[in-house]
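Record features, source TrEMBL:
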- 17-35: transmembrane segment (TRANSMEM)
- 47-72: transmembrane segment (TRANSMEM)
- 84-103: transmembrane segment (TRANSMEM)
- 123-141: transmembrane segment (TRANSMEM)
- 147-172: transmembrane segment (TRANSMEM)
Amino acid sequence: MNGSEYSCLLILNITELIIHLLATCPISTFNFILILKTSLIHKNLKFILLCQSFCIFCRSFGRILVLFSKLIIGDILWGGPEEFVLIFGFAAFFRNFVAHVLVIERALATYFVKNYENWKKPYFNFIWFPIVFILALLNSLNSVSSIILNLATWSFVLIFAILEIIIFTWMWHYNDKIFQNQLFFRHSLTERYQVNKKIF
């Protein structure tokens, strides 16, 4: 590696370290505390968002440790100890899977809009959390060694993403239909009011 390549990599590592120190870690911590203190959102959504913020913090903190280690030992190409790589790899996989869980939860909240707020039992969280935990753990442990597992996981995620696009489209049409019905209802009330008051 020549001097300009080394300088470029050093600048990139320092920039990433600054971003994690000044943005990612503080924002994810603030977000975690904010979500933890709020009582305005459903418990399922709250747990999902808390997990997501925690994973973002863990991944960022792991990267900070690796980047500091690189700078201290002077080896910019060093990937870090396997333990750190495992921790922030797990956090990254978990965070990516949680985004899909969030779509499912919001779809359930939209579809069961009349009853969803009354569902206080954490059954949904008991179902998704162990599944996502196991998937993230398997993928972080085998991310380097198992090409088949990586291919299977990302194929599954791709299929799931296509289904999510279909769900988003359905939710958009469903919510738009409700919104249009409310607009029509409001409009007819206004006309009725004008007729009653003889306003033209």
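The backbone N, Cα and C atoms fix where each Cβ goes, and this holds for glycine too.
Highest Cβ contact count with the transmembrane segment (147-172) among the listed stretches 17-35, 47-72, 84-103, 123-141 falls to 84-103 (criterion: pairs under 8 Å). Counting residues 6+ beyond its ends, the transmembrane segment (47-72) has Cβ neighbours under 8 Å at 13-14, 16-17, 20-21, 24-25, 28-29, 31-32, 35-36, 41, 78-81, 84-85, 87-88, 90-92, 94-95, 98-99, 101-102, 105, 122, 125, 128-129 in the same chain.
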